[in-house]
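Engineer: Relevant sequence annotations retrieved from Swiss-Prot are reproduced here:
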DOMAIN    5-70  domain 'J'
ZN_FING   132-210  zinc finger
BINDING   C145, C148, C198, C201  Zn(2+) 1 binding site
REPEAT    145-152  repeat 'CXXCXGXG motif'
REPEAT    162-169  repeat 'CXXCXGXG motif'
BINDING   C162, C165, C184, C187  Zn(2+) 2 binding site
REPEAT    184-191  repeat 'CXXCXGXG motif'
REPEAT    198-205  repeat 'CXXCXGXG motif'
Amino acid sequence: MAKQDYYEILGVSKTAEEREIKKAYKRLAMKYHPDRNQGDKEAEAKFKEIKEAYEILTDAQKRAAYDQYGHAAFEQGGMGGGGGFGGGADFSDIFGDVFGDIFGGGRGRQRAARGADLRYNMELTLEEAVRGVTKEIRIPTLEECDVCHGSGAKAGSKPQTCPTCHGAGQVQMRQGFFAVQQTCPHCQGRGTLIKDPCNKCHGHGRVEKTKTLSVKIPAGVDTGDRIRLAGEGEAGEHGAPAGDLYVQVQVKQHAIFEREGNNLYCEVPINFTMAALGGEIEVPTLDGRVNLKIPGETQTGKLFRMRGKGVKSVRGGAQGDLLCRVVVETPVGLNEKQKQLLKELQESFGGPTGENNSPRSKSFFDGVKKFFDDLTR
């Protein structure tokens, strides 16, 4: 059966630059790699075709020969009986430079895996987030075995060199004229085997444990902030470095304040007499109570800014402000005397609309009148 064109295999044009070829190779290699398609013979065959095409088309001399003579350039007797370019190719160079970053391949022994990072969600009150706090947390994790100290081998013994790869962590497989290096299936790339495993960790070098940590939360953090504790994640495999622990901050809803950036907001209810005449009222801050002066004729929704009464950001800079939004309350539970006084007040305003004393009401009702006048014209 005729071999498929190398350019068609990679899906590139015959004028494609090397970077286009590498890009196409990475995409296809990830799709058809045996590690992702275990037991799929068609994918394995396709992967071999992709590797072969890549090796030829990224070698300037081989590509020129292929462009001139096609597949015959690499067959015995090709190019006038010179034997083409077969036999001596070492595909491990390609894996090391291009493919190793995807699947961990390449030459040399595979390094023991770094420990996994861990995440802990920490809920804080607003006061804790603003002032800072130290909290103890308990984390289920994998820690280095204290008996074998991460080696996985029983005391008095040690890991032995893998007889399959002789400690290299890689084995060489010949595929046609290619010599391809792959991770040793016997030792999984470590280059060593544990013949006499530790009784506590059973050769894993790590044990399950729940550890207690004291975490210092800096002042000014907010929901979404993340604190990294280096080396407090899971222990690495066979002595490799530990991962990190990330503490994710979530600030609980507060009964009085809402936070927006470095500013705090709160609603301050006042009665309608204070709104009309003015006065002073106590308002809460995170540092205690302070007096807020309310000027006469204050309307619902008016904001009063108290500078420096907000939050100082964990990232530095000026402290935020506290913004108090006034809500004018309608009186309830009135007695007869109070109702009579309000009626007299209403009459003094000139009726329910009180146009002289309620500029917004006058503007509203003037607009309503114009609307209906326009409808009847």
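Just so it is clear, glycine is given a Cβ too, placed from its N, Cα and C backbone atoms.
Source: prediction; values computed, not measured.
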Engineer: DSSP on C187 (Zn(2+) 2 binding site), three-state: which is it?
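Structural biologist: The residue in question, C187 (Zn(2+) 2 binding site), is coil (DSSP, three-state).
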Engineer: Taking the repeat 'CXXCXGXG motif' (198-205) as the first stretch and the repeat 'CXXCXGXG motif' (145-152) as the second, find out whether 3 or more Cβ pairs fall under 8 Å, excluding pairs closer than 6 in sequence.
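Structural biologist: Between the repeat 'CXXCXGXG motif' (198-205) and the repeat 'CXXCXGXG motif' (145-152), contact is present.
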Engineer: Measuring Cα to Cα, how many Å separate C162 (Zn(2+) 2 binding site) from C148 (Zn(2+) 1 binding site)?
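Structural biologist: Each residue's Cα considered, C162 (Zn(2+) 2 binding site) and C148 (Zn(2+) 1 binding site) end up 20 Å apart.
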Engineer: Take the C-alpha atoms of C148 (Zn(2+) 1 binding site) and C187 (Zn(2+) 2 binding site) and report the distance between them in angstrom, rounded.
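Structural biologist: Rounded to the nearest whole number, the Cα-Cα distance is 19 Å.
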Engineer: Please work out which residue of C148, C162, C165 has the most C-beta neighbours within 10 angstroms of its C-beta, and give that one of the binding-site residues.
Structural biologist: C148
Engineer: Take the Cβ of C187 (Zn(2+) 2 binding site) and count every other Cβ within 10 Å, whichever protein chain it belongs to.
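Structural biologist: Excluding its own Cβ, the number within 10 Å is 24.
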Engineer: Where C145 (Zn(2+) 1 binding site) and C165 (Zn(2+) 2 binding site) are concerned, what is their Cα separation in Å, rounded?
Structural biologist: 27
